[in-house]
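Colleague: Mind having a look at this structure? Questions to follow.
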Amino acid sequence: MTLLKNDTFLRALLKQPVEYTPIWMMRQAGRYLPEYKATRAKAGSFLDLCKNTGLATEVTIQPLERFDLDAAILFSDILTVPDAMGLGLYFAEGEGPKFAHALQHESDIAKLHVPDMEKLQYVFDAVTSIRKALDGRVPLIGFSGSPFTLACYMVEGGGSKEFRTIKTMMYSRPDLLYKILDTNAQAVTAYLNAQIDAGAQAVQIFDTWGGVLSDAAFKEFSLKYIRQIVAGLKRESEGRRVPVIVFAKGGGLWLESMVQIGADALGLDWTCNIGEARRRVGNQVALQGNFDPSALFGTPESIRTEVARILTGYGHGSGHVFNLGHGINQHADPEHAKILVDTVHELSRQYHGG
């Protein structure tokens, strides 16, 4: 494999010295970029784009051509895993993802099993293709949804505002939910390890919906299964450590518990104070975040002010990867994203070295 020309992102995740704070953006390959929209139109549908190795590679690389980012992230979707389990993923126009065969009967759940990873070969082919296209420019991040977040879509049959179906199952038939979560945890572990084998140099677990749970439920139905995955991941590849990032949206309450799961870094959403978060986790993990995606709708001056505030909040030393507190909004101005990236590089040098 090609030698990495820029490994700042990987070093920051391992709290090793860096010259500046690295940055990438969740959903950096996405609808805010006109070139992404053009490629997506060429592909036909979102799922076709995910499954076309050449086009998935193209959209992964697009933001790196425009911005001086320190990492690329595989272009895919968290719902590829339940789709491979036979749930029939489709995207309804203007409604987001849906499953044709949601898990709403005990008999469906009894039949649920870890999918054959060959059904996800298109994802691993994309990882290998992207690594080749990157040619050592920056590291490539692989990812998956968390067991609970995947279960939300699998049980609800799509997105939800109140998660009534899955919460009903959680409180009335927890045995059924345990079965789904355990299957998901095994599947995600195999899926991420296959991404690492294909060339992913770091992996992120997205727990988008963990924050809708009570304190006890988060620990029992989400964190426990993320810990299971982290324990089963390959942590070395190509002669270097493969860092693991866990991002739980709305998870700021549980940082102390999340430190215990064995990840190298925790992602923060924009509601957290990053300085307080650093004090709470001590030197145990790196932190990633946590610029409010909506702040990109501000002026160039307000974007610079917000970047400075976050960098000052984190303070001196390594262990910070700059990111948004959630995915970039589809209406964001790419020029404002460029200001964000360049400002992070410019203003962060004073916090490193010397």
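Cβ from N, Cα, C; glycine included.
What you are looking at is a predicted structure, and each value in this text was computed from that prediction instead of being measured.
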Colleague: Swiss-Prot records Arg27, Gln28, Ala29, Gly30, Arg31, Asp77, Thr208, His326 as substrate-binding residues. Which of Tyr153, Tyr171 is assigned to the same site?
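Modeller: It is Tyr153, as the record lists it for that site.
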Colleague: Can you give me the Cα-Cα distance between Arg31 (substrate binding site) and Asp77 (site 'Transition state stabilizer') in Å, rounded to a whole number?
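Modeller: Approximately 14 Å lies between the Cα of Arg31 (substrate binding site) and that of Asp77 (site 'Transition state stabilizer').
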Colleague: Please determine which of the binding-site residues listed here (Arg27, Arg31, Tyr153) has the lowest count of neighbouring CB atoms within 10 Å.
Modeller: Arg31
Colleague: Using DSSP and three states only, what is Asp77 (site 'Transition state stabilizer')?
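Modeller: SS state of Asp77 (site 'Transition state stabilizer') = coil.
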Colleague: Give the sequence-ordered list of residues that share a chain with His326 (substrate binding site), lie 6 or more positions from it, and have CB atoms under 8 Å from its CB.
Modeller: Met26, Lys249, Asp269, Trp270, Pro293
